[in-house]
(Lines of atoms letter the chains of each structure in order from A; the text may use other names.)
(Lines give C-alpha, C1' and ligand atoms only; values in the text may rest on other atoms or scores of the structure.)
Protein backbone atom coordinates (compact mmCIF):
# COMPACT_ATOMS: atom_id res chain seq x y z
CA UNK A 1 0.00 0.00 0.00
CA UNK A 2 1.28 3.48 -0.89
CA UNK A 3 2.19 6.03 1.78
CA UNK A 4 1.21 9.53 0.72
CA UNK A 5 -0.35 12.86 1.55
CA UNK A 6 1.42 16.07 2.41
CA UNK A 7 1.64 19.80 1.88
CA UNK A 8 4.84 21.75 1.24
CA UNK A 9 4.78 25.55 0.84
CA UNK A 10 7.52 28.09 0.11
CA UNK A 11 7.20 31.88 0.19
CA UNK A 12 9.86 34.41 -0.76
CA UNK A 13 9.87 38.01 0.44
CA UNK A 14 12.40 40.85 0.40
CA UNK A 15 14.33 39.29 3.29
CA UNK A 16 14.59 35.70 2.05
CA UNK A 17 12.49 32.55 1.88
CA UNK A 18 10.50 30.36 4.26
CA UNK A 19 9.43 26.78 3.59
CA UNK A 20 7.05 24.63 5.61
CA UNK A 21 5.87 21.05 5.45
CA UNK A 22 3.28 19.24 7.51
CA UNK A 23 4.08 16.06 9.42
CA UNK A 24 1.34 13.66 8.38
CA UNK A 25 2.04 10.42 6.52
CA UNK A 26 -1.06 8.63 5.29
CA UNK A 27 -1.37 5.04 4.09
CA UNK A 28 -4.01 4.68 1.42
CA UNK A 29 -7.02 6.91 1.85
CA UNK A 30 -7.83 6.28 5.49
CA UNK A 31 -4.96 5.50 7.86
CA UNK A 32 -2.60 8.07 9.38
CA UNK A 33 0.72 6.28 9.90
CA UNK A 34 2.75 9.15 11.36
CA UNK A 35 2.05 12.67 12.61
CA UNK A 36 5.57 14.08 12.93
CA UNK A 37 7.38 13.29 9.68
CA UNK A 38 10.02 15.81 8.62
CA UNK A 39 9.48 16.57 4.93
CA UNK A 40 11.50 19.79 4.69
CA UNK A 41 15.27 19.56 4.88
CA UNK A 42 18.33 21.76 4.59
CA UNK A 43 20.81 20.85 1.86
CA UNK A 44 24.15 22.11 0.59
CA UNK A 45 25.74 23.67 3.67
CA UNK A 46 22.34 24.89 4.92
CA UNK A 47 21.98 27.23 1.92
CA UNK A 48 19.18 25.32 0.17
CA UNK A 49 15.79 24.17 1.45
CA UNK A 50 14.01 21.19 -0.06
CA UNK A 51 10.61 19.66 0.62
CA UNK A 52 8.95 16.65 -0.94
CA UNK A 53 5.51 15.32 -1.73
CA UNK A 54 4.74 11.83 -2.95
CA UNK A 55 6.14 8.41 -2.20
CA UNK A 56 8.70 8.71 0.59
CA UNK A 57 11.32 6.31 -0.77
CA UNK A 58 11.11 8.01 -4.17
CA UNK A 59 11.51 11.43 -2.56
CA UNK A 60 14.63 10.34 -0.68
CA UNK A 61 16.11 9.06 -3.93
CA UNK A 62 15.48 12.47 -5.47
CA UNK A 63 16.90 14.29 -2.41
CA UNK A 64 20.12 12.31 -2.74
CA UNK A 65 20.43 12.98 -6.46
CA UNK A 66 19.56 16.65 -6.05
CA UNK A 67 22.09 17.08 -3.27
CA UNK A 68 24.74 15.46 -5.49
CA UNK A 69 23.88 17.94 -8.25
CA UNK A 70 24.17 20.84 -5.80
CA UNK A 71 27.64 19.64 -4.84
CA UNK A 72 28.58 19.17 -8.49
CA UNK A 73 27.49 22.71 -9.40
CA UNK A 74 28.75 24.55 -6.33
CA UNK A 75 25.33 25.19 -4.79
CA UNK A 76 23.86 26.76 -7.95
CA UNK A 77 20.19 25.94 -7.35
CA UNK A 78 18.90 26.51 -10.87
CA UNK A 79 21.70 24.61 -12.58
CA UNK A 80 21.38 21.68 -10.17
CA UNK A 81 17.60 21.56 -10.71
CA UNK A 82 17.89 21.65 -14.50
CA UNK A 83 20.56 18.94 -14.52
CA UNK A 84 18.47 16.74 -12.21
CA UNK A 85 15.47 17.29 -14.50
CA UNK A 86 17.53 16.18 -17.49
CA UNK A 87 18.53 13.01 -15.67
CA UNK A 88 14.94 12.48 -14.53
CA UNK A 89 13.69 12.57 -18.12
CA UNK A 90 16.43 10.31 -19.51
CA UNK A 91 16.62 7.65 -16.82
CA UNK A 92 14.00 4.87 -17.08
CA UNK A 93 14.17 4.22 -13.31
CA UNK A 94 13.85 7.88 -12.32
CA UNK A 95 10.87 8.40 -14.63
CA UNK A 96 8.91 5.94 -12.49
CA UNK A 97 9.48 7.83 -9.26
CA UNK A 98 6.29 9.23 -7.79
CA UNK A 99 7.47 12.36 -6.03
CA UNK A 100 7.87 16.10 -6.48
CA UNK A 101 10.40 18.43 -4.93
CA UNK A 102 10.01 22.05 -3.90
CA UNK A 103 13.48 23.61 -3.58
CA UNK A 104 14.64 27.10 -2.67
CA UNK A 105 17.60 29.23 -1.81
CA UNK A 106 17.33 32.79 -0.48
CA UNK A 107 16.68 34.13 -4.01
CA UNK A 108 14.83 31.45 -5.98
CA UNK A 109 12.02 28.92 -5.54
CA UNK A 110 11.64 26.00 -7.96
CA UNK A 111 9.23 23.10 -8.36
CA UNK A 112 10.69 19.89 -9.79
CA UNK A 113 7.92 17.68 -11.15
CA UNK A 114 7.75 13.96 -11.76
CA UNK A 115 7.82 14.60 -15.50
CA UNK A 116 11.16 16.37 -15.28
CA UNK A 117 9.87 19.93 -15.42
CA UNK A 118 11.51 22.79 -13.52
CA UNK A 119 9.05 25.58 -12.74
CA UNK A 120 9.83 28.92 -11.11
CA UNK A 121 6.69 30.64 -9.81
CA UNK A 122 6.04 34.19 -11.01
CA UNK A 123 5.17 35.53 -7.58
CA UNK A 124 7.71 33.81 -5.32
CA UNK A 125 5.11 31.46 -3.84
CA UNK A 126 4.87 27.74 -4.60
CA UNK A 127 3.22 24.68 -3.10
CA UNK A 128 3.10 20.97 -3.81
CA UNK A 129 1.20 18.01 -2.43
CA UNK A 130 -2.41 17.23 -1.67
CA UNK A 131 -2.92 20.43 0.33
CA UNK A 132 -0.85 22.52 -2.06
CA UNK A 133 -3.73 24.36 -3.74
CA UNK A 134 -5.15 25.42 -0.35
CA UNK A 135 -1.79 26.55 1.02
CA UNK A 136 -0.95 28.36 -2.23
CA UNK A 137 -4.26 30.22 -2.27
CA UNK A 138 -3.98 31.28 1.36
CA UNK A 139 -0.34 32.35 0.95
CA UNK A 140 -1.13 34.45 -2.11
CA UNK A 141 -4.00 36.19 -0.33
CA UNK A 142 -1.89 36.87 2.76
CA UNK A 143 1.06 38.12 0.69
CA UNK A 144 -1.09 40.45 -1.38
CA UNK A 145 -3.15 41.94 1.42
CA UNK A 146 -0.90 42.03 4.49
CA UNK A 147 2.62 42.99 5.47
CA UNK A 148 3.37 39.66 7.14
CA UNK A 149 6.86 38.22 6.69
CA UNK A 150 7.44 35.00 4.72
CA UNK A 151 7.66 32.78 7.80
CA UNK A 152 4.36 34.04 9.20
CA UNK A 153 2.70 33.66 5.80
CA UNK A 154 3.79 30.01 5.50
CA UNK A 155 2.65 29.22 9.03
CA UNK A 156 -0.77 30.82 8.54
CA UNK A 157 -1.29 29.38 5.05
CA UNK A 158 -0.32 25.90 6.24
CA UNK A 159 -2.86 26.23 9.05
CA UNK A 160 -5.55 26.88 6.42
CA UNK A 161 -4.38 23.89 4.36
CA UNK A 162 -4.51 21.70 7.47
CA UNK A 163 -8.10 22.74 8.09
CA UNK A 164 -9.16 21.81 4.54
CA UNK A 165 -7.00 18.88 3.41
CA UNK A 166 -7.48 15.56 5.24
CA UNK A 167 -3.93 14.52 4.27
CA UNK A 168 -2.35 17.58 5.96
CA UNK A 169 -1.90 18.15 9.68
CA UNK A 170 -0.78 21.03 11.86
CA UNK A 171 2.58 19.58 12.95
CA UNK A 172 4.87 21.79 10.88
CA UNK A 173 8.53 21.85 10.04
CA UNK A 174 9.42 25.44 9.11
CA UNK A 175 12.82 26.48 7.79
CA UNK A 176 13.96 29.92 6.64
CA UNK A 177 16.88 31.34 4.73
CA UNK A 178 17.72 35.03 4.89
CA UNK A 179 19.33 36.92 2.02
CA UNK A 180 22.07 38.07 4.40
CA UNK A 181 22.99 34.44 5.08
CA UNK A 182 21.06 33.91 8.29
CA UNK A 183 18.85 30.89 8.83
CA UNK A 184 16.24 29.83 11.34
CA UNK A 185 14.39 26.63 12.05
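In case you wondered, yes, glycine gets a Cβ from its N, Cα and C as well.
Long-range Cβ contacts of residue 6 (active site) within its own chain (separation 6+, distance under 8 Å): 21, 22, 24, 25, 37, 39, 52, 53, 54, 129, 130, 131, 167, 168. According to Swiss-Prot, the active site annotation covers 6.
In sequence order, 7, 22, 131, 168, 169, 170 constitute the residues six or more apart from residue 162 (Na(+) binding site) in its chain with CB-CB distances below 8 Å. Annotation comment: Swiss-Prot describes 162, 165, 168 as Na(+) binding site, evidence class sequence analysis.
Other residues of the same chain near the Na(+) site, with their Cβ within 8 Å of the Cβ centroid of 162, 165, 168, are 7, 22, 24, 130, 131, 134, 135, 158, 161, 163, 164, 166, 167, 169, 170.
Each of the binding-site residues 165, 168 was scored by the number of other CB atoms within 10 A of its CB, and the lowest score belongs to 165.
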